[in-house]
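Have a look at the structure below before the remarks.
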């Protein structure tokens with residue numbers, strides 16, 4: 001049996017917040033419950049959004065909360081050659097094409113499709129050529145018919161199915177601004193790190209079918225997925241740096257950890273929050289009972 005390898009992959013666009021903590025805790029608990037390795041990847045591939053010093057601050061905060069990676073952290077910005085190689089392989093296989101559509105053109109086509117009550121997926125305008133337009137991005141061809149349907153079993157959200165042809169369309173691997181798209185980078189990174197289990201927020205559930213299809217195109221294994229409920233703010237929106245989420249305080253980790261455990265549905269008694277060691281032991285046992293090798297039902 002392949003040894004468990006999981007990861008936590010934050011973007012350094014600001015300090016870690018409570019929503020980040022829920023994802024870090026869930027991924028760490030799953031790795032510990034299964035006796036596996038827990039890795040950290042800094043997803044700084046989106047250069048314009050990266051905040052200088054944020055990655056180092058994140059790593060220090062993780063240490064303050066007791067989350068120590070089992071291997072040195074990996075930075076996406078140091079892995080550009082791997083993304084280029086993957087894109088070259090897909091291009092050689094005839095699976096990728098240049099797209100000259102502007103954001104406005106894509107928005108107009110989606111709006112027209114909505115008015116016709118038809119598909120809202122990218123319509124494949126540039127599949128047959130650029131039609132005199134300059135190349136802006138690179139897209140992966142999505143098959144038609146039954147081959148476009150990707151089904152997987154999520155360990156929290158259960159059975160999932162998505163028709164890539166009708167719900168997504170040919171999707172971007174390299175953006176018009178030259179930045180690598182999340183879908184390509186995360187698939188290549190997970191494959192190279194031999195990740196066997198992905199535990200992350202449910203806001204990324206919609207991306208999973210695309211990633212599974214891309215894994216198949218690149219001949220990579222598909223990890224097991226578990227998507228935890230996202231944390232919402234007072235307005236019912238996902239808690240994020242953009243909505244003003246407060247930074248975590250690594251000097252006082254236990255109250256936030258206890259709240260994160262409650263969000264994950266883990267029932268811990270008061271003694272579990274007496275110390276960081278006590279919390280970790282109790283939380284691992286509670287997670288194991290739900291999602292680990294000793295899960296009940």
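Cβ coordinates are placed from backbone N, Cα and C, and glycine is handled just like the others.
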Listed in Swiss-Prot for the L-glutamate site shared with 7, 8, 9, 10, 11, 43, 182, one of 63, 200:
200
Stated Swiss-Prot location of motif ''KMSKS' region', expressed as one of 233-237, 238-242, 243-247:
238-242
For residue 200 (L-glutamate binding site): intrachain residues, at least 6 apart, with Cβ closer than 8 Å:
9, 23, 27, 226, 227, 228
Same chain, not part of 7, 8, 9, 10, 11, 43, 182, 200: whose C-beta falls within 8 angstroms of the C-beta centre of the L-glutamate site? Give them in sequence order.
41, 42, 186
Just how many other Cβ atoms lie inside 10 Å of the Cβ on residue 7 (L-glutamate binding site)?
26
Going by DSSP, how much of the motif ''KMSKS' region' (238-242) is helix, how much is strand and how much is coil, in residues?
0 helix, 1 strand, 4 coil
State the Cα to Cα distance, in Å, between residue 11 (L-glutamate binding site) and residue 126 (Zn(2+) binding site), rounded to an integer.
31
